[in-house]
Amino acid sequence: MASSSRLFLVLQATLLALVTLLVNTRSFAAAQFRFNMGGGGGGFGGGHHHRQQRRPPPAEPGRDFYKILGVKRNAKEPDIKRAYKKLAMKYHPDKNPDDPEGASAKFQDVAAAYEVLSDEDKRRVYDQGGEEGVKQQTAQENAGAGQGNPFGGGFGGGGQRFHFRSGGGPGGDPFRMFEEMFGGGGGGGFGQQQRQQQHQQPSEPMYEKKSGVANLREDKFPDANAKHIWMVEFYTPWCGHCKNLKPEYVALARELQGYAKVGAVDCTDEERLCEEHGIKGYPTLKLFYEGGSVPYEGGRTMRDMKEFVLGHIPGTSLYNVRQPKSVASVVAEAAKKKTNMAAIYLTESESASAIGRAVSFQLRKDLAFGESRGAKVGAGVAAKLGVNVLPQLVVLCDGDVNRRAFLVDNVKGKKPDPSKFSPERMISFLQRYSDPKQKACASVKAEEVVKPRLPLDVDFAKLRVKELREMLEAQEVDVRGLTEKPEFVTRLEALRAAQKASPHIEL
């Protein structure tokens with residue numbers, strides 16, 4: 001009996017120890033599960049209920065980011081970026097005033113898709129677990145960093161939207177991503193209030209017809225055969241910096257009338273054209289001529305931009321007429337043109353003029369254009385062409401120096417009106433003579449140029465060499481072989497004596 005009692009006590013103690021061990025083990029497992037799951041509840045209930053608590057909720061299918069961007073699952077980063085830029089501009093609420101809410105939803109989806117697919121790590125997670133997998137991965141990262149719940153806002157609010165890095169961390173918005181992709185949005189990006197104001201107002205063209213800025217499209221974009229040089233701005237209507245530039249750009253168009261054309265391209269409408277020209281941000285300014293382009297990186301004032309454009313007008317079609325014999329070079333070039341017409345612009349300026357370069361470039365296919373610079377240097381040229389006033393523009397019909405037409409009255413002592421020497425007026429004048437339909441040259445009769453006579457009462461020996469040289473050049477005398485003053489004096493005295501005998505003799 002005593003032996004049986006002792007056996008019973010041993011069995012009872014063993015059973016109690018086993019029960020205690022089992023309870024402790026399950027308590028530890030429960031605590032570990034709560035720690036891993038972030039839970040804070042009490043103990044477990046029944047066994048079946050315990051297994052349901054451990055099973056995660058079924059994953060939601062989420063959005064198809066590849067379908068949203070319209071790219072294949074093996075698309076490369078440039079393809080993804082290109083698709084985002086195209087769709088983001090298409091669905092930007094400012095471009096859809098008739099349906100801003102619908103456009104905004106698509107705009108957010110496009111941004112979400114790009115945020116994930118452009119990130120190598122997030123894209124890998126997305127390919128394995130979809131949008132829900134990315135959200136869970138981000139939740140774990142944020143929890144580990146002590147950031148709490150990462151799904152409180154983002155692109156649409158609630159747990160169905162995913163936070164992206166655009167804007168510098170959780171809670172970034174698609175508009176800031178858009179600005180970072182395309183360039184500044186006005187000194188700090190769109191604020192919420194600014195966006196609301198923009199969404200309430202329909203977008204309007206940046207440049208009206210009366211502004212003087214041409215709205216360019218792909219089929220009207222200047223190519224290698226363009227007559228003018230073009231300053232072109234690439235912009236988007238939402239870009240704050242573009243809006244700030246507008247007054248200066250309109251002023252530039254007014255200042256460059258006749259010198260160059262000023263245009264603009266709306267990249268929300270002309271995505272392919274802007275991509276073709278490598279536009280990365282807005283506004284981007286480029287100068288186009290003869291099939292090439294020069295980027296503008298200077299100040300955003302009218303004065304800075306004007307200086308840049310005028311400085312880049314090609315001078316390859318402008319001939320420097322320094323001496324009377326240089327006229328023959330212009331006439332020879334005119335013979336290569338269908339019109340066989342030459343024109344020479346005589347100016348008091350001693351440097352190549354922007355007017356001369358602009359006119360010669362625009363009429364490069366129609367005529368040969370020369371420029372004589374400086375009243376003293378060009379005295380011989382003026383004498384050869386019978387020019388009595390400066391500035392003056394002379395047309396040589398059929399390349400004949402005796403068949404001349406003048407832009408302004410060629411009356412000695414009469415000061416020409418400077419306003420008549422704008423590029424537009426000069427081109428209009430020259431086109432009247434170069435256009436065979438207008439037949440202006442048909443009415444120009446030959447008139448021999450009478451050289452000015454040398455004064456009879458001047459002692460050439462008392463003049464400076466510079467003055468002597470100018471007098472000889474005015475008589476179309478080649479002075480390159482003359483070096484000493486006595487040589488100039490001797491030549492002038494001989495010429496004066498010859499003029500007494502015959503007023504038209506040339507030496």
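Each Cβ is built from the backbone N, Cα and C atoms, and glycine gets one as well.
Listed features, source TrEMBL:
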- 458-485: coiled coil (COILED)
- 145-170: compositional bias 'Gly residues' (COMPBIAS)
- 182-191: compositional bias 'Gly residues' (COMPBIAS)
- 192-201: compositional bias 'Low complexity' (COMPBIAS)
- 64-130: domain 'J' (DOMAIN)
- 195-314: domain 'Thioredoxin' (DOMAIN)
- 42-63: region 'Disordered' (REGION)
- 126-170: region 'Disordered' (REGION)
- 182-211: region 'Disordered' (REGION)
- 1-25: signal peptide (SIGNAL)
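Note on the coiled coil (458-485): its mean pLDDT in the predicted model is 85. With DSSP states grouped into helix (H, G, I), strand (E, B) and coil, the domain 'J' (64-130) comes out at 52 helix, 0 strand, 15 coil. Note: the domain 'Thioredoxin' (195-314) comprises 44 helix, 25 strand, 51 coil (DSSP; helix = H, G, I, strand = E, B).
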